[in-house]
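Only one structure is covered here, and it is reproduced in the block below.
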């Protein structure tokens, strides 16, 4: 029952995240235009970081209210591999498809409600290089993101606002770094949702670049994290 509840929460949260996050570019454009700062090169980056910070903080609260729900399969996998949380292989076998289904729903929903003049601003990650370069890029980016998340959440500041700010900065930095390679995604569910909209969700390219390589990166990040920050040895009971 616990695994089913977790999967249900993941589906809802991922639906909401894909629906909202796909409009971050639109939000940034509208704010920049409203403030009249189109000529400032740094303005879109700063505003996008603030938007990501705001929504990540909000979604963390929603995720906690849903019993620890997550919208990113690699995040779930990395915490499991790091020995954190109560997930099992069975629970993840339920959560990952639920997250993918939620992402499909979110992508389809936002395409339905978005006004025609803004639909060109929607869309998920796209492979812009050859297959193996894309897979390597997505794997490395997910490795860096997963390691950053583990350090920030488990070893970083306890203030949730500061944690969220660091997460937003790390996310935007890696998105910019990978923008000419794979989008990037660093989130297999999000990539799958938009791939479904484009009718290439069942291709080897989508599976290899946006599922296999990110999971490898996330698991490796967890192993490196455990090597750098080994868990404390269990205390022996006195006889």
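Cβ from N, Cα, C; glycine included.
Features of the protein shown, as given by TrEMBL:
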- 12-35: transmembrane segment (TRANSMEM)
- 41-62: transmembrane segment (TRANSMEM)
- 96-116: transmembrane segment (TRANSMEM)
- 136-154: transmembrane segment (TRANSMEM)
- 161-181: transmembrane segment (TRANSMEM)
- 208-229: transmembrane segment (TRANSMEM)
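A contact links the transmembrane segment (208-229) to the transmembrane segment (136-154), because at least 3 Cβ pairs that are 6 or more residues apart lie under 8 A. Beyond the transmembrane segment (96-116), the same-chain residues lying 6 or more positions past its ends with a Cβ under 8 Å from any Cβ of the stretch are 7-8, 10-19, 22-23, 70-73, 76, 122, 124, 188-190, 192-194, 196-197. When Cβ distances are compared across the two stretches, the transmembrane segment (136-154) makes contact with the transmembrane segment (161-181), since 3 or more pairs at least 6 residues apart fall below 8 angstroms. A Cβ distance under 8 Å defines the sequence-distant neighbours of the transmembrane segment (161-181), meaning residues of its chain 6+ beyond its ends; these are 45, 48-50, 52-53, 56-57, 60, 128-129, 133-134, 137-138, 141, 144-145, 148-149, 152-153. Sequence-distant contacts of the transmembrane segment (41-62) (same chain, at least 6 residues past either end, Cβ-Cβ under 8 Å): 13, 16-17, 20-21, 24-25, 27-29, 31-32, 35, 69, 71, 160-161, 164-165, 167-169, 171-172, 176.
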